[in-house]
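Novice: As annotated in TrEMBL:
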ACT_SITE  Asp71  active site, proton acceptor
BINDING   Ser11, His12, Asn13, Ala14, Gly15, Lys16, Ser72, Phe155, Gly156, Tyr157, Asp158, Lys178, His183, Arg184  substrate binding site
BINDING   Glu42, Asp71  Mg(2+) binding site
Amino acid sequence: MMTLNQLVLASHNAGKLKELQALLGDAVRVRSVGEFSDVAPEETGLSFVENAILKARHAARLSGLPALADDSGLAVDALGGAPGIHSARYAGGGGDAANNAKLLEALCEVPDAERGARFVCALALVRHAEDPLPIICEGLWQGRILHAPRGTEGFGYDPLFWVPERGCSSAELASAEKNRLSHRARAMLQLRQRLGLA
Ligand SMILES: O=P(O)(O)OP(=O)(O)OP(=O)(O)OC[C@H]1O[C@@H](n2cnc3c(O)ncnc32)[C@H](O)[C@@H]1O
Ligand SMILES: [Mg+2]
């Protein structure tokens with residue numbers, strides 16, 4: 001089992017950082033990669049796992065500390081799994097609002113029964129930049145894409161993601177509730193178990 005005193009979170013996304021911190025609890029002292037650099041590495045992998053490893057190694061190299069990265073995204077059935085690993089830049093860099101607008105447009109003719117989607121989260125933890133055996137955990141969250149945004153909590157695609165088990169969008173869930181249900185929560189529970197924190 002890996003013993004951790006300090007950990008760098010290898011993300012530049014404020015919404016994600018907040019969730020990761022809450023999910024880790026206070027057993028580990030957490031730093032953010034933003035303390036070391038404003039420049040995010042290019043996400044050149046073909047999978048969530050490859051991109052998570054690449055971001056974790058980059059942060060470990062910058063900080064000299066163990067690093068945890070999250071690569072996540074939304075996979076929509078009717079779009080063959082898109083935007084997938086390209087979720088953050090789906091609309092070419094216009095941010096969350098542009099991404100959501102593009103998604104709604106892409107699905108405008110798609111009926112409810114075919115609007116299935118899942119959030120995907122891959123976590124990678126490396127002890128150091130060249131760690132040959134990263135810890136990998138994954139989580140999925142099944143839902144459906146709404147026809148218009150609902151709610152103001154969360155970030156990213158949350159206003160468009162219908163959560164069947166709660167009958168609301170993920171942007172209408174309190175953060176503690178999202179942190180019990182989400183793809184990130186599921187992946188993080190596995191990670192906490194692997195680390196002996198859960
Ligand atoms: O790479 P880092 O620096 O961590 O930040 P990022 O925002 O670029 O993160 P990703 O590359 O993993 O892209 C994931 C995108 O998928 C979306 N996403 C992931 N998890 C989400 C969640 O819990 N709720 C809503 N959208 C989410 C969101 O738009 C993210 O920008
Ligand atoms: Mg990214």
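Cβ from N, Cα, C; glycine included.
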Novice: Quick one: among the binding-site residues Ser11, Asn13, Ser72, which has the most Cβ atoms sitting within 10 Å of its own Cβ?
Specialist: Ser72
Novice: Taking the Cβ of Gly15 (substrate binding site) as centre, how many other Cβ atoms lie within 10 Å?
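Specialist: Result for Gly15 (substrate binding site): 15 other Cβ atoms within 10 Å.
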Novice: Distance between Ser11 (substrate binding site) and Asp71 (active site, proton acceptor) at the Cα atoms, whole Å?
Specialist: 9
Novice: How far is it from His183 (substrate binding site) to Asp71 (active site, proton acceptor), counting Cα to Cα, in Å?
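Specialist: The Cα atom of His183 (substrate binding site) is 11 Å away from the Cα atom of Asp71 (active site, proton acceptor).
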Novice: Any idea what the Cα distance is from Asp71 (active site, proton acceptor) over to Asp158 (substrate binding site), rounded to a whole Å?
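Specialist: The separation of the Cα atoms works out to 16 Å.
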Novice: Enumerate in sequence order the binding-site residues Ser11, Gly15, Ser72, Gly156 whose Cβ-atom distance to ligand 1 is under 6 angstroms.
Specialist: Ser11, Ser72, Gly156
Novice: At its widest, how many Å does the recorded substrate site span between Cα atoms of Ser11, His12, Asn13, Ala14, Gly15, Lys16, Ser72, Phe155, Gly156, Tyr157, Asp158, Lys178, His183, Arg184?
Specialist: 20
